[in-house]
Amino acid sequence: SVGTSCIPGMAIPHNPLDSCRWYVSTRTCGVGPRLATQEMKARCCRQLEAIPAYCRCEAVRILMDGVVTPSGQHEGRLLQDLPGCPRQVQRAFAPKLVTEVECNLATIHGGPFCLSLLGAGE
């Protein structure tokens, strides 16, 4: 089923969206590597685009909060408290990665939004 395939190692790569980690921290707080923000955004969007539309919201959720795989491995939860950049601020932005202003990618909801993650950063 769709739900069971949206796990790391199946429709979602292991530790998905690692490029998005730095894009999110740079975009929300101006902290992170000294790469051009547009290049970081392009890398993040490419990683997100490579994930099937029906799993993109789950991949963003894993980036935000992590997951324990069926084999017991902890994956994701790449957003961490950074000096001057609290994790909650990054979590509030992460669901916006699929929106028109950011990567503009369709999801399981049929458009560029993750209904299941709205308000997740609050």
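Yeah, the Cβs are placed from backbone N, Cα and C, and that goes for glycine too.
Here Swiss-Prot flags CYS6-CYS55, CYS20-CYS44, CYS29-CYS85, CYS45-CYS103, CYS57-CYS114 as disulfide bond, drawing on experimental evidence.
Swiss-Prot feature annotations superimposed on the structure.
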residue	record	contacts (Cβ under 8 Å, 6+ apart)
CYS6	disulfide bond	ILE12, TYR54, CYS55, GLU58, ALA59
CYS20	disulfide bond	CYS44, GLN47, LEU48, VAL60, LEU63, LEU78, ALA94, LEU97
CYS29	disulfide bond	LEU82, GLY84, CYS85, VAL89, GLN90
CYS45	disulfide bond	LEU97, GLU102, CYS103, LEU105
CYS57	disulfide bond	PRO95, VAL98, THR107, ILE108, HIS109, CYS114, LEU115, SER116, LEU117
Q: Tell me the Cβ neighbour count for CYS103 (disulfide bond), meaning other Cβ atoms within 10 Å of its Cβ, over all protein chains shown.
A: 21
Q: Name the secondary structure element type, per DSSP in three states, that contains CYS57 (disulfide bond).
A: helix
Q) Hey, what's the Cβ neighbour count for CYS114 (disulfide bond) at 10 Å? A) 23
